[in-house]
Amino acid sequence: MLRYINTVGVIYMIEIQNLSVSYQGQLALDKANVTIKGPTITGIIGPNGAGKSTLIKGLLGIVDHQGQALLDGQPLDKELKRIAYVEQKINIDYNFPIKVKECVSLGLYPKIKLFQRLKTSDWDKVNQALKIVGLEDFAERQISQLSGGQFQRVLIARCLVQEADYIFLDEPFVGIDSVSEEIIMKTLRQLRKDGKTILIVHHDLSKVVAYFDQVLLLNKKVVAFGSTESTFTKENMQQTYGSQLFMNGGA
């Protein structure tokens, strides 16, 4: 049985303190400071090259960085098992020979011993997760046989079996069908209801109000952070996007 609900009374919080990242001497993220309290679905919004994906990678230690991040008061790099991460699809090899159920089962490995075989109860969790995302009949297929939206749902199912307290998603809705997007958002909303804290790098401004409780507006620096209602404003968006906002048709 999948475990989703966090401990009652516990406050889940990400603290980002002076986080900076440079690539080949070029500053990509400049002293980001923000505290995100869960449960929530928070959108990370900004123009191309604003440092959105870099922020996630810096938090996870995937790229070299300055500053620090805390998870519930502890160094985030010591709490990685509590975080599920789905990177951009462009970085994933669709042709890798692995079945859907095996791909989902990878979410279980942070919690099992090296070379330990999965138990029947573990495969039950995999099947339950696939059912939640509407892919229970696809378990034996190769991932190369899936559409982009179906594969993204597989990655969400992998997050489900990981049973993490925090979920970081980098552009999960790019290039997927509307049915898959709806299923993923329904799943994420249930996870938030169950106490999870979710960060999503996102670019489609038309969906921001419908999808996010909070938004972090970013353009190499934190421009604004807060509830979507109070933060996703014309003034803040112009400050974040500048002329790009009008080139893209407005917010």
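Glycine is treated like the rest: Cβ placed from N, Cα and C.
As annotated by Swiss-Prot, domain 'ABC transporter' applies to 14-245. Note on the domain 'ABC transporter' (14-245): its mean pLDDT in the predicted model is 94.
GLY49 (ATP binding site) falls outside any helix or strand according to DSSP and counts as coil. Marked as ATP binding site by Swiss-Prot on the basis of sequence analysis: GLY46, PRO47, ASN48, GLY49, ALA50, GLY51, LYS52, SER53.
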- Message: Around the ATP site formed by GLY46, PRO47, ASN48, GLY49, ALA50, GLY51, LYS52, SER53, which additional residues qualify by having Cβ within 8 Å of the site's Cβ center?
- Response: THR54, LEU218, ASN219, LYS220
- Note on the structure: Students should find that the Cβ of SER53 (ATP binding site) has, within 10 Å, a number of other Cβ atoms equal to 20
- Message: Validating a neighbour-count step here. Other CB atoms within 10 A of the CB of GLY46 (ATP binding site): how many?
- Response: 25
- What residue among the binding-site residues PRO47, GLY49, GLY51 has the most other CB atoms lying within 10 A of its CB? GLY51
